[in-house]
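J.: This is the structure I have questions about; it appears just below.
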């Protein structure tokens, strides 16, 4: 598949993942109370955390290896090993969900949590996004993401009309994963790719070891916002979590404009770094220029139109949301730098340990910011935590990747 076509399909996929759920927010905030909406976003955050546990870093480590396997028999065998490992992780995530369900840690009703998380985790296992991304099958990902997110959007628009529909909204979120996963399973079957359970302990442990560093990287990188939303919900209440999550979803929706470029280029960068292709340096510079060309206007848009955005998304909390969105307006540029020098440089080059180190220190700065400002009593402690984390992440990736690139002259 050409890079241009990959960018196009990835754009549809990312648009479905970010923009359709974002478009559902104004309907949810006008039909649910601030408290109920906050409970919904906390349940969604927990569901995403558990889904990440099932993926266990294979979205990077698995995709990277799937991209370079040419033999179909070997590819099917690798698919079976990864999916067998993910099945064990699925059981573990269900155990974690059961523990959360019987405890009273989260400030949300049990039924809301289970309705969102249980189908989401099962559906996420069925999706095997790592395989489709590694094989550059972005068209199928785009189609299934679009169908699943349209289902959720239409359910919210036409069936969620009052607070008592909160469980229905949670269930719709969870089953959107089941729809996408079922469709991708059918596509895999038509391609002749079958999951055959692998019982050899050594093969399972080897594949888990391969994905461990990537898992830690993604756990820090992808989940810090979900953990932050849940933590703000516990410390500041469900309404505060709702405001923070709404601002973040809009930020991610805007920042997703550069994601198709990164997703489409990942297989290409993996092959070029694996073969020490000197042209990768030129491609990296072009990608950076294009991504910044999108990210900088995004920053200006967020700052200048924050009041209009806030009223559209969450009129009941528009004043506080405006402040948070303005704080977030610098993030797209640093996120862009982090993606290019981390996900498209360190990871394809095999520097998973360096990638993890950059993420760890950025997250550590975020944790310290959260604790200090929460103890200080700052109402915006959640927003400041995200800003500090994202800026540190972007600069850390840039610095460490630059050091490693100097060690590989010509790349």
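Backbone N, Cα and C define each Cβ position, glycine as well.
Feature list, courtesy of TrEMBL:
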type: TRANSMEM; residues: 7-28; note: transmembrane segment
type: TRANSMEM; residues: 40-63; note: transmembrane segment
type: TRANSMEM; residues: 84-102; note: transmembrane segment
type: TRANSMEM; residues: 108-126; note: transmembrane segment
type: TRANSMEM; residues: 138-160; note: transmembrane segment
type: TRANSMEM; residues: 166-193; note: transmembrane segment
type: TRANSMEM; residues: 214-238; note: transmembrane segment
type: TRANSMEM; residues: 250-269; note: transmembrane segment
type: TRANSMEM; residues: 290-311; note: transmembrane segment
type: TRANSMEM; residues: 323-347; note: transmembrane segment
type: TRANSMEM; residues: 354-375; note: transmembrane segment
type: TRANSMEM; residues: 381-403; note: transmembrane segment
J.: Near the transmembrane segment (7-28), which same-chain residues lie under 8 Å Cβ to Cβ, leaving out any that are not at least 6 residues past its ends?
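T.: Distant Cβ neighbours of the transmembrane segment (7-28) are 1, 37, 40, 138-139, 141-143, 145-146, 148-150, 152-153, 156-157, 160, 169, 246, 249-250, 252-253, 256, 259-261, 263-264, 312-314.
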J.: In the same chain, which residue numbers or ranges, 6 or more beyond the ends of the transmembrane segment (84-102), come under 8 angstroms Cβ to Cβ?
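T.: Non-local partners: 46, 50-51, 53-56, 58, 110, 113-114, 117-118, 121-122, 125, 128, 195, 197-199, 204, 207-208, 211.
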J.: Which range wins on Cβ pairs under 8 Å with the transmembrane segment (381-403): 40-63, 323-347, 354-375?
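T.: Result: 323-347.
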J.: Are there residues at least 6 beyond the ends of the transmembrane segment (250-269) whose Cβ is under 8 Å from a Cβ of it, and what are they?
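T.: Counting only partners 6 or more residues beyond its ends, the transmembrane segment (250-269) has Cβ contacts under 8 Å with 3, 6-11, 13-15, 17-19, 22, 25, 63, 67, 133-136, 138, 280, 283-284, 287, 290-291, 294-295, 298, 301-302, 309, 313, 325, 328, 331-332, 335-336, 339-340, 343-345, 348.
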J.: Going through 40-63, 108-126, 138-160, 166-193, 323-347 one by one, which has the most CB pairs that fall under 8 Å from the transmembrane segment (354-375)?
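T.: Looking at each of 40-63, 108-126, 138-160, 166-193, 323-347 in turn, the most contacts to the transmembrane segment (354-375) are made by 323-347.
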J.: By a Cβ-Cβ criterion of under 8 Å, what residues six or more beyond either terminus of the transmembrane segment (323-347) are in contact with it?
T.: 60, 64, 214, 217, 243-244, 247-248, 250-251, 254-255, 258-259, 262, 265-266, 269, 284, 287-288, 291-292, 294-296, 298-300, 302-303, 306, 309-310, 354-355, 358-359, 380, 383-384, 386-387, 390-391, 393-398, 400-402, 404-405
